[in-house]
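To start, the structure itself, in structure tokens.
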């Protein structure tokens, strides 16, 4: 299929482009980018006047729950939600059932995605067998079968020696280690951020030190082994400071945060709202400010949703019993665009964190509109206002703290491999 996207504001950080231009797609790849392009016979034409045209957004941290937990989400519904949110590529975490720690599970995901997914799916394998933190998984096998990174996400690798070996082996194999940095002994029975709100609500708190101590350990291990390391979903001012200092020393560390960590504070838990329960927990206003500062100065490399769908029965419980996690694929873009509205970052910097930076961290050939690249494109209306309604979410699960919130900014077209996979109503 041939496609011409005309007259949009093309913003591609990978090429330092920000101009009103046309984009021509032929045979699933970017054929030409420029002004006044002519549509070939039979080409589909998208009028993008007044809209943003960007490289397809990449979410490097999602939970598709497939295989084994399809009652929460599956590859079809998860990628449908991704497309609705403007994402053309997602990296899916290994805490499936069974855990993605071997070639068979990775191959299942790759093959099912090839047949049924609306967007590109890049599997992440587990660091340890069964994500139990006892012995390393076969990283070489995981990479060969299609994994772009390894992580025990959902749990930390508690054993420091094992984490050291993981970093060393992954370095040799050229695959990224993604750390879920959390000191479980400090977490204890905590269910939300430790602070005034937790005390007021009578809930056990999780101190910021539970994250910071683990981030510091993993940063030092990366420095000691001279290995690349990516730290997932940072939420505290301390994590930002530790990573900023590490980068200044030349440590090969990158990190991500999630939209909820710069959009909400632990006040969202008031009323015992289990849709505001996640791990790491929502923090205080000072942490939100630090996360925004980290995004602004480049300490934080990527924005990823940590899309974590759960069935209503797993959330409609008393707060202590409800599972951690929220869906985020369909609300990430407007929440992130708010950073531009507030002057935290400019549009080019924001898009770096949602396109070329995640692609670079994962080592995938996406996140660019260069001629010859795969035609993964997101067309965005930054001014479109809409209401987050549970019944309109494409995800199988509806566990979002943003239900009922008015949003500004939406994907109007999502194009994967030159094919329009989503068009807004």
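Placement of Cβ uses the backbone N, Cα and C atoms for every residue, glycine included.
Annotated Zn(2+) 2 binding in Swiss-Prot involves 153, 180 plus, out of the candidates 233, 260, the residue 233. Just one of 297, 301, 306 is listed by Swiss-Prot for the same Zn(2+) 1 site as 61, 63, 153, and that one is 306. Note: the Cα of residue 153 (Zn(2+) 1 binding site) and the Cα of residue 180 (Zn(2+) 2 binding site) are spaced 5 Å from each other.
Long-range C-beta contacts of residue 180 (Zn(2+) 2 binding site), restricted to its own chain and to partners at least six residues apart, with a cutoff below 8 Å, comprise 151, 152, 153, 154, 155, 156, 232, 233. Separation of the C-alpha atoms of residue 63 (Zn(2+) 1 binding site) and residue 306 (active site): 7 Å, rounded to the nearest whole number. Rounded to a whole number, the C-alpha distance linking residue 306 (active site) with residue 279 (substrate binding site) is 10 angstrom.
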